[in-house]
Amino acid sequence: MGSIVDAANGTASGKKPTVIFVLGGPGSGKGTQCAYIVEHFGYTHLSAGDLLRAEIKSGSENGTMIQNMIKEGKIVPSEVTIKLLQKAIQENGNDKFLIDGFPRNEENRAAFEKVTEIEPKFVLFFDCPEEEMEKRLLGRNQGREDDNIDTIRKRFKVFLESSLPVIKYYEAKGKVRKINAAKPIEAVFEEVKTIFSPEAEKVEA
């Protein structure tokens, strides 16, 4: 008892948070599933993209720098995204987090573990065939300009090239929980529930 946890890496309660990385290609349905996990299992959902957008919107010096980098087509440095994630974890009263769409590549992954000293409990990987993701994205009709066929294929290629090495790294450590995301939403969540349920029982005990 009473062990001192480095405040920079702990949560508000002073203990190291549980982190789960959520990865899946564009249109794999991970956003929908994250919302279900939050509702049923009490996790906090953090999206790296949302945090970057919120920082830009805030008009802070950091936000302006991020906006300029994106405008110039540069990749936002890992440290910037990680600091935003770290801040969100520290400021949130929860100690269980789903980090969605991050790490996007090996460099992100290594930097996250080095900066936060947090290793994910596991990686939830929504595995979905490209044809199915294409069909879903084209059927969305949400007027998103990045949902045309060429852009979708480019996004998918980027996902494969950058995120698969991350998945392979964690697979070697026995930390990947692969979900067949080609099934209907409810069936996918049934599979997700089997991964999270033992933990839910522990929380209630």
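Using the three backbone atoms N, Cα and C, a Cβ is placed for every residue, glycine included.
Per TrEMBL, these features apply:
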- Gly27, Ser28, Gly29, Lys30, Gly31, Thr32, Arg140, Lys183: ATP binding site (BINDING)
- Arg53, Lys74, Ile75, Val76, Gly101, Phe102, Pro103, Arg104, Arg144, Arg155: ribonucleoside 5'-phosphate binding site (BINDING)
- Asn108: CMP binding site (BINDING)
> Out of Ser28, Thr32, Asn108, which of the binding-site residues has the smallest number of neighbouring Cβ atoms within 10 Å?
Replying inline: Thr32
>> Max CA to CA distance in Å over the ATP-binding set Gly27, Ser28, Gly29, Lys30, Gly31, Thr32, Arg140, Lys183?
In response: 17
> Within 10 angstroms of the C-beta of Arg53 (ribonucleoside 5'-phosphate binding site), what count of other C-beta atoms is obtained when all protein chains are considered?
Replying inline: 15
> Given the binding-site residues Arg53, Ile75, Gly101, Pro103, Asn108, which one's Cα is the least distant from that of Lys183 (ATP binding site)?
Replying inline: Gly101
> Looking at the binding-site residues Arg53, Ile75, Gly101, Pro103, Asn108, which has the shortest Cα distance to Lys30 (ATP binding site)?
Replying inline: Gly101
> For Gly27 (ATP binding site), which residues in the same chain are close in space, meaning a Cβ under 8 Å from its Cβ, but six or more apart along the sequence?
Replying inline: Cys128, Glu132, Met133, Glu134, Arg136, Leu137, Ile152
> Given the binding-site residues Gly29, Pro103, which one's Cβ is surrounded by the fewest other Cβ atoms within 10 Å?
Replying inline: Gly29
>> I'm trying to understand the geometry here, so how far is the Cα atom of Ser28 (ATP binding site) from the Cα atom of Arg53 (ribonucleoside 5'-phosphate binding site), in Å to the nearest whole number?
In response: 22
